[in-house]
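As given in Swiss-Prot:
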type: BINDING; residues: Cys99, Cys101, Cys110, His114; note: [2Fe-2S] cluster binding site
type: TOPO_DOM; residues: 2-37; note: topological domain 'Lumenal'
type: TOPO_DOM; residues: 61-135; note: topological domain 'Cytoplasmic'
type: TRANSMEM; residues: 38-60; note: transmembrane segment
Amino acid sequence: MVLESVARIVKVQLPAYLKRLPVPESITGFARLTVSEWLRLLPFLGVLALLGYLAVRPFLPKKKQQKDSLINLKIQKENPKVVNEINIEDLCLTKAAYCRCWRSKTFPACDGSHNKHNELTGDNVGPLILKKKEV
């Protein structure tokens, strides 16, 4: 029953549909088509576009995946949450920079590793800078 229906569609209905399509003889004939003729061509052109896309899709470039999706790749991974506490009174320097990219070799202090991270990932992270207020 099902195969008979499929055979009827492929052998009878599809050829009849294609014969009724207003396909012009030349490229310039497309300019002379009426709106109703274009509307009759629309489903056929849509199916052709879909088949063309599905045929070309395997050859299209893949979306570029970010090199590393995790932020913290190596610092204190044994802890469920990394917290660094710094007493403000202990800031003897006039200015201190702290890492926010998790790439610093001297974590929590910033060593400029974010520059390489930004270059690789297209990110724009920078350090947290604390400085004493000048009186």
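Residue numbering: from 1, along the chain as shown.
Cβ atoms are placed via backbone N, Cα and C, with glycine included.
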Tell me, roughly as an integer, the mean pLDDT over the topological domain 'Lumenal' (2-37).
91
Cβ under 8 Å, sequence separation of at least 6 from the ends of the topological domain 'Lumenal' (2-37): give me the contacting residues as numbers and ranges.
44
Can you tell me how the residues of the topological domain 'Lumenal' (2-37) break down into helix, strand and coil by DSSP?
28 helix, 0 strand, 8 coil
Would you count the other CB atoms within 10 A of the CB of Cys110 ([2Fe-2S] cluster binding site), including those on all shown protein chains?
20
Note down the number of other Cβ atoms within 10 Å of the Cβ of His114 ([2Fe-2S] cluster binding site), including every protein chain shown.
20
DSSP-assigned states of the topological domain 'Cytoplasmic' (61-135) in counts, ordered helix, strand, coil:
11 helix, 9 strand, 55 coil
Taking 10 A as the limit, how many CB atoms besides its own sit near the CB of Cys99 ([2Fe-2S] cluster binding site)?
23
